[in-house]
Amino acid sequence: DFCFRSSVTKQVQICSAMLTMITVLVPSPFSLPRKHSFSSRCSFKLCCSDNRSNESSCSNFSRRLALFQLGTAIPQSQVLGVKASELLRPAESTTKTNNIGNVAEMNSNLTEDSALRWAKKDKRRMLHAVYRVGDLDKTIKFYTECFGMKLLRKRDIPEERYSNAFLGYGPEDSHFTVELTYNYGTDKYNVGNGLHFGITLDDVAKAVNLVKAKGGKVIKESVLLDGNSKIITYVEDPDGYKFELSEAATTPEPLHHVKLCVGNLDRSINFYKKAFGMDLLSKQDNPEYKYSEVTLGYGPEDTNPVLKLTYNYGVTVYDKGDGYAQIAIGTDDVYKTAEAIKLFDGIIALEPGPLPGINTKITACLDPDGWKSVFVDNVDFLKELE
């Protein structure tokens, strides 16, 4: 374990390297220079000496680490073209177990062939998309009134200075949802230019009028897609997140897709098929509009949430901003999933293991473009819902 002792805890930014044990005495307040780098694979305990007991201080900070790991409580900062909080994910701070050793021991014989088989038989589904907003109540009101979403659960953690809420069109154990996070004192985020979300509604015109009246923005008026009867409109919520609204009488999964822009489409297809076990559902090239797009997922597009990847001709890098965090995906085994992702050149941003204070096992990774995803243990996720 790393043990840092100080009267004031500040954000610690850590990047790559392997260390086994270190004790650092630092002044208050403290920060680590950029030239010092540590691995997210190493676990550490941060202890604070003040009027409270060290045990209490460490316990409270473990909860902050859990928020840091999930990308919810600490705004991201730019490091080497990738967000620091996407790279830094300390492991469980209080356990004596070495998760890295466990992974190696459990899956040392995992080959590419066995990893591909594992990814296909694993019970995976897209759980939720996580992003930050400047006014939680305002956004909840906007989504429920304009998009017809339901508030599924909400929690406020004042001691950690954050609140979050889950919204969607059905129970979390069977539907894709959004997880909104509000960090106290932060009312604006850069949403970037590389993503949007897709929703299917029974009356797009009604939704558009509500968006205009409730503080949103219409960025592209309704059009007929490919000359057929499918109406498509693009709007922004009050925080600037973009939504593609399409019209259909009924659909089992109204929150239909997350669309990410990528710099190399073939590279991304290969990664998500092999490392994530997704199926390539469709592919289209649109030279007249200078973009290509594919759809990937864990089941048919008409009944499941999907991931859409877009390549805009000649564009290889996008501003990811500091608002969007990740997509969460369910898995039966975060340890084996992490090993499979490594075999196919994925970057593990958080080694698999239980989160401090929560005990839900997760692992996080970055795709070739730096977009982050989190795999969550299926059994632990259901326990959270209980």
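Note: Cβ is positioned from N, Cα and C throughout, glycine not excepted.
Pulled from TrEMBL, these are the features on record:
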type	residues	note
DOMAIN	125-248	domain 'VOC'
BINDING	GLU179, HIS196, GLU244	Zn(2+) binding site
ACT_SITE	GLU244	active site, proton donor/acceptor
DOMAIN	254-378	domain 'VOC'
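Each of the binding-site residues GLU179, GLU244 was scored by the other Cβ atoms within 10 Å of its Cβ; the lowest score goes to GLU244. Taking the domain 'VOC' (254-378) as a whole, pLDDT averages 95 in the prediction. Sequence-distant contacts of HIS196 (Zn(2+) binding site), defined by Cβ-Cβ distance under 8 angstroms and a gap of at least six in the same chain, are TYR234, TYR241, LYS242, PHE243, GLU244, LYS259. Counting residues per DSSP class in helix, strand and coil order gives 21 helix, 57 strand, 47 coil for the domain 'VOC' (254-378).
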